């Protein structure tokens, strides 16, 4: 069997794809390996290669996993421990035979579902058309209009709240039950079921998987793209002699905002509002018509049909929402139930990287394969999930909202609500006074206890206020009321908040309530008060300890040293696999130029030199505009919005901007301006000649691939070092230097570590920006690194391998332009 066939790739894979798949497979086969860092440039089929390698390994090894004594005896008692080995082996063979027969029966059933012309599920059917489902009739309130008007005051009034919220509701008690207790109740309940339901429930054990693949990515669209790639594949059965055809059991997990099918809940616009509304509906007397946290619901005919319909084919997140609608089954909770039955589960970063969310979802990573895509974002994402910030203006706005709300609904709020709203307003006042009194500059570190110590406020009060916010759902009621009030007063200008303020305050208070030595409170510009996690490795270590292997994949993973330092500082090198592949394009389709003339030095001290800006920089872009064919666009990246604005202003004053615009239409990204991409794309499509100035780390530097004619040349203007005077970087640097000194390092060592830290941030941004230029094997482009500091060997070592390997020997503007012209002449001749 050749390698291409071995991995069941749907196409004829490139050599680099075969190398990647073999590397991942070998890593999974080696129990010593815990982490793999895989770099595969944009356009090289990374996602499909990851699917083929991980799922091939799983199918190759599932038979051994299933036949293991531990697996077969997982639900048995210890009564067989004293039996002879031949008795145990016979028993084991009998159990395995029964499991495989049941699995074969289940696969045939799924095939019938897939082939039926009139499926049980008809996509696009509305909930209202399913009124015939007697066991889940939608209440009259669910048929009410979706939009909430300001006159619907009942929607905004907090339900009666007792004491300090220390009591536990029936709903919370039910949902706090352990998985084992839930399963015990389910078994007890199943004994009361009719034979039809028992028959349906038989397949639950047939589809159990001891090892799963968890695939996590940053955005909803990336996870949907994964589903589309998975549809292309076809894998053989793990048990070819016993089970002829084995479908891939794929379950996508999403938020309630994506999956909720209850009209009373869906009408709320924010994720936080939907979560609170869902909880309130479930705890109400009527409950939710689509979900009850009972063994009867979890083992019902409709819930089992949901599993089977989802597993009968590959469905993305929108598909399973429609499956839930058609069966009148909550797809959010049903999907969670069938994680153990899945081979592959996709989930957003938040679900994987938050320990509390994993616990809530009962995500068991033990022995499984975890694949994290776009992993260059991982450190920032972990820090962001576990950090919080609240500004002085937001605190004042929230305080005024609480006072307004209390005045409006004072007579309708019970004493428990009034008392706790007063406590909340007092706590906000404490934060307002602290910022007003103590703010001096960004980066000033703050002791968490000092925030509260001078105001007769303690952590117990913070805990009680948080309990109130969580159990009363006051946040979504108050914030939605204020938003509707603002819309009524100025409907044309009001934009809905992406995250209501009370939720932001709640997250900040949670950080204050659970202070950690691995994080720090400090001031930022605004002014604002911020908590930031400084040691993401502890959060990530829990995942590494549970999983069989964690694969960190991305198009641009350099500098890898930073990733290892922050995520796995204690992991031995022998436990880590590093893989970086070249690009699929021919070497002749990409060149990298380092423009190494002494005048091109965009340091903070020199970058605003009139001679540099109006002479050397302008002439470089003007000459480049005449060198690159008008059929192709030029992307010029700048370190910041502020610097690009200064360049544009300088060129306009000198009459240079119009000169460049005449040669090639100029578009540029503005911080608060309209998106220039559509007009730029149109100009390129019309072969008018166009140039687009964009910002490193801005809206156009990530997530958009400038393939084809959109990017025949990409220029990095300077090195995009971060703002070292931001509060975040001041605190990060201080923490890093203290860590080096506490570890026995010298002051020089600490300074070098800080220099390396800033350099790594810079080069990660460079790699992300230039990585947008190539999309497919037939693409071609030129990369210009416009700063003499790029000639530094340490800087070059942190470029992505496929960029670094194509650095040309020429370095003057004259020679670079001549080589560029030759490049396009050669392309035209091929």
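Yeah, the Cβs are placed from backbone N, Cα and C, and that goes for glycine too.
Between the candidates 288, 511, Swiss-Prot assigns the [4Fe-4S] cluster site shared with 260, 278, 330 to 288. Checked against Swiss-Prot, the range among 373-376, 377-380, 381-384 recorded as motif 'DEAH box' is 373-376. Closest to residue 42 (ATP binding site) by Cα-Cα distance, out of the binding-site residues 260, 278, 288, 330, is 260. All chains included, 25 other C-beta atoms sit within 10 angstroms of the C-beta of residue 41 (ATP binding site).
Non-local neighbourhood of residue 288 ([4Fe-4S] cluster binding site): 262, 265, 278, 281, 282, 330, each in the same chain, at least six residues away, with C-beta under 8 Å from its C-beta. With the fewest other C-beta atoms within 10 Å around its C-beta, 278 stands out among the binding-site residues 260, 278, 330. Listed in sequence order, the residues 256, 261, 262, 265, 281, 282, 290, 291, 332, 333 complete the 8 Å Cβ shell around the [4Fe-4S] cluster site centroid, once 260, 278, 288, 330 themselves are left out.
Reported as a whole number, the C-alpha separation between residue 44 (ATP binding site) and residue 260 ([4Fe-4S] cluster binding site) equals 36 Å. In sequence order, 49, 555, 584 are the same-chain residues whose CB sits within 8 A of the CB centroid of 40, 41, 42, 43, 44, 45, 46, 47, the residues recorded for ATP being left out.
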